[in-house]
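For 70-93, 156-179, 195-219, 291-309, 346-369, 385-411, 433-455, 531-549, 589-610, 664-686, 724-744, the entry in Swiss-Prot reads transmembrane segment. Among the features that Swiss-Prot reports, [4Fe-4S] cluster binding site is placed at CYS573, CYS582. Sequence annotations record features per position, and here Swiss-Prot assigns chlorophyll a' binding site to HIS675 based on sequence analysis. Annotation comment: Swiss-Prot describes MET683, TYR691 as chlorophyll a binding site, evidence class sequence analysis. Taken from Swiss-Prot, the feature phylloquinone binding site covers TRP692.
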Amino acid sequence: MIIRSPESEVKIMVDRDPIKTSFEEWARPGHFSRTIAKGPNTTTWIWNLHADAHDFDSHTSDLEEISRKVFSAHFGQLSIIFLWLSGMYFHGARFSNYEAWLSDPTHIAPSAQVVWPIVGQEILNGDVGGGFRGIQITSGFFQIWRASGITSELQLYCTAIGALVFAALMLFAGWFHYHKAAPKLAWFQDVESMLNHHLAGLLGLGSLSWAGHQVHVSLPINQFLDAGVDPKEIPLPHEFILNRDLLAQLYPSFAEGSTPFFTLNWSKYAEFLTFRGGLDPVTGGLWLTDIAHHHLAIAIIFLIAGHMYRTNWGIGHGLKEILEAHKGPFTGEGHKGLYEILTTSWHAQLALNLAMLGSLTIVVAHHMYSMPPYPYLAIDYGTQLSLFTHHMWIGGFLIVGAAAHAAIFMVRDYDPTTRYNDLLDRVLRHRDAIISHLNWACIFLGFHSFGLYIHNDTMSALGRPQDMFSDTAIQLQPIFAQWIQNTHALAPGATAPGATTSTSLTWGGGDLVAVGGKVALLPIPLGTADFLVHHIHAFTIHVTVLILLKGVLFARSSRLIPDKANLGFRFPCDGPGRGGTCQVSAWDHVFLGLFWMYNAISVVIFHFSWKMQSDVWGSISNQGVVTHITGGNFAQSSITINGWLRDFLWAQASQVIQSYGSSLSAYGLFFLGAHFVWAFSLMFLFSGRGYWQELIESIVWAHNKLKVAPATQPRALSIVQGRAVGVTHYLLGGIATTWAFFLARIIAVG
């Protein structure tokens, strides 16, 4: 830590009125580009307009102006998010059965959408219990609302209006910080100040205020709800906040106020800041008192972290020094120069953030079912499946986005002349070794993981079950995973002496938790079937990484095209007379990476869906006998490819295929329509540009013949545009098909 004398004055960090507000540009499509602003000669114009409208790098090379545009656009994004949230809360207030669900969450399903009776589509309003007819929703909003202490639809209404106000505020902020008071480049590059504010403000005070809300509002209200008190009888949130006696009736230590805090007698607060572990047997969710404790602890950590970096007071860490000191005996110059990269290339910064946020999103997916945070979430199987699937897809897209922006950084922002022997340079110099080893790992994983399945299919086909890899023949037990499970199951009393239960029931050892005759969670057994599919996961993830990493490491140059950096981020081929150089741009690697990301995530969500239906989800009788949805068939059926096709895809598609004439029929239509969208993508992916240009020219001839030819000359999509349209429909069709398949199935049987 370096202590310096404080600077004399605080610098002015904004420019006043830098850009006049005017709507004239709005009437000039493509005003950001000299070429596009001329207007359309051919139909390619509209595609270029869409491709470049948000590519601020292509509008100007002034980093300050680019930064301001991005900053302003972020406020627009936040405005849309608030608008969306407002819509969710408004539907909860206006069209939902939230109050009915609150009074009986085990027998009533959440619904917040009622279809109007036009052309007979009111058939979609299924009976969700309690006499309410509507579409069952699986977003988890009801469970979050209950956990945060919302007891009436009026409160949802008020929150919806509040979110609209914030949406308007964000729109105003976006305009204000671009047109009225635009930050200077130095403000965007002041990373210490940014870290302090984000850590202490967003994460620290954000967590602290949430912890405060939970203690003063959520906990008491949920206490009453769990005890079966009618929501209308429960005091309103502000009464708990203003009247300490109300809280003291539930938590006696509240009567002492903040005295225990300042006298360090913190154990007095153990009534509402607990460390129990496991699930609340009433709601099947994490103990809300554990969650409040967690957010308080997180808040303190981040409030401390938000005071670590040196700003106006000359005390604390400087990021540049930290990075430049970061070198080992084998890493050359180490992280020298990384500070300059991350403060001048927003693509590099974004790539890191996307990689971390994507990984974090996938971690969230896995914790939502293993440690269900909200009341009654664990027994709402449709919501559990939806939340897992949603967070897996989002995480996958963010990670591909990380590779995309890393490659854009390499092409547009990386300056090889100023970098020598730092870590990035060293990685680039031995990229051949990295990629060829990774390629070998992919080949090994692919042949061996798939080979185990093929062996099982062959033995099964030949009637030799004793020679298959299975829990009842040749066992391949995941011993390391089982060891980790066991370690966690034994942790309470050993490595975590204060906890009464392990972090998650899935680890094993503990009993199951059932709510309203449905299993919330129980120890998840792992066996040969999981061992096999986990190696498919390893394979698909490694191939995705191979494609994306190759795209980044070879974005500027390769043996095939040494001057690739001059061709840009996306280009079809290295010009005429250079055969075999198509589809090598960094963009094409992102394109291919998306398909493998889709493969990887599909296998994960299929595994999750079947495993949970087979080994976790189900009903429990009065005698304590658990009946799983698919009766534990995962261990024996999923060890062959045939089993996946027959007992998962085909057997579980029966609900969506047979949904016509029922309230689930919309899923049947979506299943069909999304298959169609997916098939439509193949038309773009499997044919060449010349084919379409030829077709278009004969169609134009016909139009000329009839004297109805348009002024704008029709053109086939460029190669890159065609692939972009193709991959978009492939992913959209595939994801929507999976969504319809999953939801029709789980709403019918769950």
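Note: Cβ is positioned from N, Cα and C throughout, glycine not excepted.
Annotated features taken from Swiss-Prot, shown on the structure.
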residue: CYS573; record: [4Fe-4S] cluster binding site; contacts (Cβ under 8 Å, 6+ apart): THR581, CYS582, GLN583, VAL584, ILE719
residue: HIS675; record: chlorophyll a' binding site; contacts (Cβ under 8 Å, 6+ apart): GLY733, THR737
residue: MET683; record: chlorophyll a binding site; contacts (Cβ under 8 Å, 6+ apart): GLY726
residue: TYR691; record: chlorophyll a binding site; contacts (Cβ under 8 Å, 6+ apart): none
residue: TRP692; record: phylloquinone binding site; contacts (Cβ under 8 Å, 6+ apart): ALA716, LEU717, GLY722
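Under the criterion of 3 or more C-beta pairs below 8 Å, with sequence separation of 6 or more, the transmembrane segment (291-309) and the transmembrane segment (346-369) do not qualify as touching, having fewer than 3 such pairs. Within 10 Å of the C-beta of CYS582 ([4Fe-4S] cluster binding site) we count 13 further C-beta atoms, all protein chains included. Within its own chain, the transmembrane segment (346-369) has Cβ neighbours under 8 Å at 66-67, 70, 377-378, 384, 387-388, 390-392, 394-399, 401-406, 408-409, 412-413, 521, 608, 612, counting only residues six or more beyond its boundaries. When Cβ-Cβ distances below 8 Å are used as the criterion, the transmembrane segment (531-549) is approached by residues 399-400, 403, 434-435, 438-439, 441-442, 445-446, 448-450, 452-453, 456, 469, 476-478, 481, 589-590, 592-593, 596-597, 599-600, 603-604, 607, 638-639 of the same chain, each at least six residues removed from its ends. The list of residues near the transmembrane segment (385-411) in space but at least 6 beyond its ends in sequence, with Cβ under 8 angstroms from a Cβ of it, reads 138-140, 341, 345, 347-348, 350-355, 357-362, 364-366, 368-369, 544, 548-549, 551-552, 555-556, 565, 568-569, 586-587, 589-590, 593-594, 597-598, 600-601, 604-605, 608-609, 612, 735, 738-739, 742-743, 746, 750. Look at CYS573 ([4Fe-4S] cluster binding site): DSSP puts it in coil.
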